[in-house]
Amino acid sequence: MVNLFKHAKACTTAFAVAAASFMTAGHATAADDTITIGYAVALTGPNATGAGISTVPNYRLWVDQVNGEGGIEMPDGSRKMIEVVEYDDRSSNEDLVRAIERLASQDKVDLILPPWGTGANLAIAPLMARFGYPQLAVTAVTDKAPEFAARWDRSFWMLGGGHDYATGLVDVLAQARDAGTINNKIAAVSVADGFGIDLIKGARPAFEEAGFELVYDESYPLGTSDFAAIMSEAQASGADSFVAFSYPPGSFGMTKTAQAMGFNPKVFYISVGGAFPIYPGIADGKADGVMAIGGVDGTSDSVKAYFDAHTTFVGNPPDSWASAVTFASLEMLEQAIGRVGLDHGDLAADLSSGTFDTVIGQVKLEDNQLRDLWTVGQWQNGAFVGVGPADKAGAAAPVIPKPEW
Amino acid sequence: MKYVIYPVALALLAAVPFVASDYALGLLIGMVTYVTLASAWAMFSGPTHYVSLATVAFYGAGAYVVAMLNEVMAYPMILLITAGVGATMALVVGLSTLRLAGVYFVIFSFGLAELIRQLITWYEINIYGTLGRYIFVDITARGIYWQMLGLAAITIGLTAYINRSRLGLALRVIGDDEVVAAHSGIPLARMKLMAFVLSATILTLAGAIASPRWVYVEPAIVFNPTVSFLTVIMALFGGANRLWGPALGAIPLFLAFEYLSAHFPDVYPIFLGALFIGVVFLFPNGVLAGIEGLRRGKKEETA
């Protein structure tokens, strides 16, 4: 027993030494001619897919572009190269919170870029506020954004809430119905997860208010892979519009199921995943006419240039929802630094009140939120373009009914 | 002697936040959390050899209790309720399943986390009407650290006490041979249930204490099966049958994972898998026992 205690003591000492050296082994503090920018995102685990599509490639692309031009321009006209500190949060908010503490108090980075996902952005918001960093939360879809922006005044929410997307879709469908192209029956399915619930909750009253009849309304558990039953019930419901508030696996599965069973509703709407560059491949080349959440301005040259740059740098085009907004948020940061420098308070003030020229056009936030959003997009001639809100500059006219599979 | 060492060590650990940076404090919280989880896990699974993958079922339930109640009552009250919820859950689950043995228990315990996650999801969607809750509790990182440190101390102290008590003896006999234990007149179900409930209550409390750091909870975030696997691997790595084994397994592995996530983010799952295999093949009784075995072997050689 004494022997064991000795071992234990020796081990403890060794660990203490290891821990101590570990804690001090931070990254070298930046020289004056560089800016250190840190971020912790999911590189492994369940969130890695989403982060790997919308977040990480854009961070890397932006850093590459900025450094390629000689660095970020400061208010005095000098340029500073960006140095990146990248951590994996392993899709765990516990690890993410620790990584942010590390970036702020150990690495003392100049700026912190946000993680991927609503939960992740909320988990770090109190910390970012405490350390004073501005937080440009892009991949966080929440109806409570106004409350959060008020609670943490250096946080910015740039992808709207479920309610925005639900009402955006209802507007597009209401116009088609008023034109007599579709009947007033809707078949809706939703994934039983935060996102799907938020959307269907926003959509139900909006459909009713617009005079639609929700003839089929089912939720399915996350992880469902067989959609034949709900799809055939939706088909039998007599609705011209099929609406799915779904995540990528569901969006893809339902597309394939609809094709296999020859289900050809006049409107086929899916949610997350519909704007992914791989979608036309999933749909066997017959994506045209499919509607989904998000969208980009199909007539914009800057969007086209961004898509080309992304394709060259990453190897595939970006998704047509969150990616362009993510990239725009980085451009905003860059322009804000050019105007006011690196002071966090000044940066937040400029982000909140300034106007920015970005890939998604001119951006000005309202109450720390981006409200000028694409809510509905559609595949047209092989590109995913924004169709709603219909009065937004660059909006394409929706093609209804959708051509048969 | 050790009646002096332990309180002094605990006091020193409790004083660390006054000098540590925010990140160092974050590391300490993570370390102490896993020391608590691994030690609480070993309290039941160590002597009985019932490998439980239900850690996150209790840990997550604890976090969810805080998420559900943080707007309606004071924090200490929530902790009390959390302990009650954990104990009740363990009692119900234990009564119905501790007759299972071996691999059946492992599979069941893994399913338990999924079951609770789906139950909460169902409740939130159909009754509460939305998924995802917010935890806005006025507790600092230091506060979390001190609470978790206290819980870790209680866990290890309780384990030491159990090891010397009749309960500990009974559990070890059960672990060695359940038939023999039954024939010696040990009330199997009651003994196992007592240890299971104690262990589960601590796991649930740990989840409640850690949860204010997450701010936003959703079943998918809270019931992350990795927590269960990490707990098992840490306890086994150090040695689940020893008082300090789980703690000494948790600390180096936690630091190793932290190092990997910063320097080799993509290899972390591979490392975890390799570690699982390595522990099972090389140190079936834990590293502490392994080192001791090596020493003993050397002594015999030289003798």
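Each residue, glycine too, has its Cβ placed from N, Cα and C.
Under the heading transmembrane segment, TrEMBL lists B:25-44 (among others). Away from its own ends, the transmembrane segment (B:25-44) comes close to residues 16-17, 50, 52, 55, 59, 141-142, 144-145, 148-149, 151-152, 155-156, 158-159, 162, 192, 195-196, 198-200, 202-203, 206, 210, 213, 227, 230-232, 234-235, 238, 240-241, 245-247, 249-251, 253-255, 258 of its chain (Cβ-Cβ under 8 Å, at least six residues beyond either end).
Within the same chain, residues 37, 41, 44-45, 78, 81-82, 85-86, 89-90, 93, 105-106, 109-110, 112-113, 115-117, 120, 133-135, 137, 200, 203-212, 214, 217, 219, 222-225, 227-229, 231-232 sit at least 6 positions outside the transmembrane segment (B:51-69) and bring their C-beta atoms closer than 8 Å to a C-beta of that stretch. Annotated transmembrane segment per TrEMBL: B:51-69 (among others), in sequence order.
Annotation source TrEMBL lists transmembrane segment at B:75-95 (among others).
As annotated by TrEMBL, transmembrane segment applies to B:102-123 (among others). Outside the transmembrane segment (B:102-123) by six or more residues, the chain places 50-57, 60-61, 64, 89, 93, 131, 219-220, 222-223, 225, 228 with a CB less than 8 A from a CB of the stretch.
The feature transmembrane segment is assigned by TrEMBL to B:143-162 (among others).
The feature transmembrane segment is assigned by TrEMBL to B:193-215 (among others). Long-range neighbours of the transmembrane segment (B:193-215) within the same chain, counting only residues 6 or more positions beyond its ends whose Cβ lies under 8 Å from a Cβ of the stretch, are 29, 33, 36-37, 40-41, 43-45, 47-48, 54-55, 58-67, 78-79, 82-83, 85-87, 89-91, 93-95, 98, 134-137, 139, 141, 144, 147-148, 151, 154-155, 158, 162, 167, 171, 221-222.
Residues annotated as transmembrane segment in TrEMBL: B:221-240 (among others).
As annotated by TrEMBL, transmembrane segment applies to B:247-264 (among others).
According to TrEMBL, the transmembrane segment annotation covers B:270-291 (among others).
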